[in-house]
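Per TrEMBL, the feature active site, proton acceptor maps to H18. The substrate binding site annotation in TrEMBL covers R151, E257. What TrEMBL records for 173-316 is domain 'Glycosyl transferase family 28 C-terminal'.
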Amino acid sequence: MLKVAIRVDGGPKIGMGHITRCLALAEELANNDCNITFITRNDISSITKIKEYGFDVNVIDIFTIDEEINYITRIINQFDILITDSYEIDYNYLYTIKKTGVFLVSIDDLNEHDFPCDIVINGNIYAEDLNYKDVTGKTRFLLGPKYVLMRKEFRDLPKKQIKNKVENILITMGGSDPKGVTIKVLKALMSDRNLRSLNIDVVIGPSFNKELVTEINEFAKNNKNISTSYNVNATIMRELMIKTDIAISAGGSTLYELAAAGVPTIAVIVADNQIKNVNKWVSQHAIVKVTQISDVKNNIEKLIFDNNTRQMMSNISSSLVDGLGTIRCTKEIIYNRSKLS
């Protein structure tokens, strides 16, 4: 049995995307006879999420990156594989850890430094545009949507049926919504009399602040066509995506789940690190992008009355993401680690 440590962070500022994709990978590794331990900072929503999946959590309350490197170096001999997924981890961190001889895997989005690793995973649609450099001469790069890490619930989804009449809208801004985009979108939609007959499902993430959650729930009480779901699991998220006709989503990892489900999607850029992702999806004619909340309403109206565009978006997005990336990455990790034994 291989022992695997996963060093990942999540929370209100950075969202829950890193945690979610690492949990997807952890489940598949566990199904392949690996023992998993998560190592994460002291964020309650992240810790709770990991424990819900039944994995051990090692919480680090260490203030400097150098202290963390020393800590990881001390405990790494307990593990066969270390997987990292954190924007705080840099070249020096990875280089120091790799010198211990551990099999090192990095999950990345941005290629902001070199990766002295055995495997680098970047499942983003723009990953092959980043020009990764192989500094070890033997790093395996798993790039593009073929390798996007997704939960098992988003495999084998039924083909999206594009209806003539749009009835259901899904709003999902990810695990956190520090800018309060969810309530702004709701208010924009409800300001249009023509959109008030739509059924709107709103997903509230585990790291939404309490004031925002209260405001969304109060708004929903006064608009009977709005339903809210808090901190939904993957099964419920899958069902919401199957049900919906159009989604309004943040521009992060949720776009890949929506693509697998073939959902015509309007993406709202809520953080700078989503710009590259959203622009690449737009270049493929797979989604519609908005940069201002005021544009959401107009784009919804356009899509409602344009079945052909919705069908095209659905076909393109579902052809780009088949939901099997987690299986492919797991096979690569286990196979390449086994070559060292």
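Placement of Cβ uses the backbone N, Cα and C atoms for every residue, glycine included.
All annotation found in TrEMBL is predicted automatically rather than curated by experts.
Under the three-state DSSP scheme, R151 (substrate binding site) falls in the coil class. H18 (active site, proton acceptor): 25 other CB atoms within 10 A of its CB, across all protein chains.
You'll find the Cα of R151 (substrate binding site) roughly 12 Å from the Cα of the residue listed as 'active site, proton acceptor'. Across the fold, the C-alpha of E257 (substrate binding site) and the C-alpha of H18 (active site, proton acceptor) stand 14 Å from each other. Within 10 Å of the C-beta of R151 (substrate binding site) there are 21 other C-beta atoms, taking all protein chains into account. Under DSSP, the residues of the domain 'Glycosyl transferase family 28 C-terminal' (173-316) split into helix, strand and coil as follows: 75 helix, 24 strand, 45 coil. For E257 (substrate binding site), other Cβ atoms within 10 Å of its Cβ number 25.
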